[in-house]
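**Student:** Pulled from Swiss-Prot, these are the listed features:
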type: ACT_SITE; residues: C120; note: active site
type: ACT_SITE; residues: C202; note: active site
type: DISULFID; residues: C68-C83; note: disulfide bond
type: DISULFID; residues: C100-C181; note: disulfide bond
type: DISULFID; residues: C161-C174; note: disulfide bond
type: DISULFID; residues: C255-C276; note: disulfide bond
type: DISULFID; residues: C288-C297; note: disulfide bond
type: CARBOHYD; residues: N101; note: N-linked glycosylation site
type: CARBOHYD; residues: N121; note: N-linked glycosylation site
type: CARBOHYD; residues: N210; note: N-linked glycosylation site
type: CARBOHYD; residues: N220; note: N-linked glycosylation site
type: TOPO_DOM; residues: 1-21; note: topological domain 'Cytoplasmic'
type: TOPO_DOM; residues: 44-301; note: topological domain 'Extracellular'
type: TRANSMEM; residues: 22-43; note: transmembrane segment
Amino acid sequence: MANCEFSPVSGDKPCCRLSRRAQVCLGVCLLVLLILVVVVAVVLPRWRQQWSGSGTTSRFPETVLARCVKYTEVHPEMRHVDCQSVWDAFKGAFISKYPCNITEEDYQPLVKLGTQTVPCNKTLLWSRIKDLAHQFTQVQRDMFTLEDMLLGYLADDLTWCGEFNTFEINYQSCPDWRKDCSNNPVSVFWKTVSRRFAETACGVVHVMLNGSRSKIFDKNSTFGSVEVHNLQPEKVQALEAWVIHGGREDSRDLCQDPTIKELESIISKRNIRFFCKNIYRPDKFLQCVKNPEDSSCLSGI
């Protein structure tokens, strides 16, 4: 006990006192411990796992709310929708949850709030040819892609994810579906709403496919892995594929492509009829949608 000096004591008084050197050492240790606690308390909550994908789109909450308000103003049938409730449900699907463990169930409250019905024969699916599909529905106003519906419109071209066990949105990085995980907030959202969109389709459903790709029908696309398998045979009489050619000189019959035949087989096995049409000139196709009575539209497009 080299650091203790004994002296007569009574009662509960300490039997020894620390030397000045030991007191200084103890004080320094306590100070270092306090600094470490402060550093951990400040830095740890700010630490974020680095994902391979880009972070949440800037001003994500404001963008979603603004889009919701705009959509409900333009579409009278959706004016009953409370956009704050929509945002709360959207946020609740991913905030504080591990970004690689999101489920379709997480999005069900949002799906219920955004329920819409597309008239029969008016559903347009698409795969790898988004821009032309949207140009088409802008002209043919009585047909609808998923992005023409409330939920698809809210999330179109946006990225989002949260921080596990916090209420923060991660604007630095989000999981990439190839490099990190497929059960991320964005991928699961589109899988969920695409499934619902296909389930509610009826009559003749159309799909626009990109004929310039090596796989015109890709089983791994959202259309090939989700929508095709969720068309309801009791409601859908036929699927009509529009294969869009990539150039004026391409005169091939792409409806005979092996991947299109694969699509036909999948659809036929589900007791849904299948039709296919080549669209050789997409520019003329859109022009003829605008002006169907034009004499040039009487010839093939």
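Any Cβ shown, glycine's included, is placed from N, Cα and C.
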**Student:** Among C174, C288, C297, the disulfide-bonded residues in question, whose Cβ has the most other Cβ atoms within 10 Å in this structure?
**Tutor:** C174
**Student:** Counting other CB atoms within 10 A of each CB, which of the recorded positions C120, C161 comes out lowest?
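**Tutor:** Minimum Cβ neighbour count within 10 Å, taken over the recorded positions C120, C161, occurs at C120.
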**Student:** Checking the contact step here: among the recorded positions C100, C174, C202, N210, C276, C297, which have a Cα within 10 Å of the Cα of C120 (active site)?
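**Tutor:** Passing the 10 Å Cα cut: C202.
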**Student:** How many Å separate the Cα atoms of C161 (disulfide bond) and C83 (disulfide bond)?
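**Tutor:** Computed Cα spacing between C161 (disulfide bond) and C83 (disulfide bond) is 20 Å.
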**Student:** Just give me the nearest neighbour of C297 (disulfide bond) among the recorded positions C68, C202, C276, Cα to Cα.
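**Tutor:** Going through C68, C202, C276 one by one, the Cα closest to that of C297 (disulfide bond) is C276.
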**Student:** Just going by other Cβ atoms within 10 Å, which of the glycosylation sites N121, N220 has the emptiest spot?
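**Tutor:** So among N121, N220, the glycosylation sites given, the one with the fewest Cβ atoms within 10 Å is N220.
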**Student:** For the disulfide-bonded residues C68, C83, C100, C255, C276, which one has its C-beta crowded by the most other C-beta atoms within 10 angstroms?
**Tutor:** C68
**Student:** For C174 (disulfide bond), which of the recorded positions N101, C181, N220 has the nearest Cα in space?
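**Tutor:** For C174 (disulfide bond), the closest Cα among N101, C181, N220 is found at C181.
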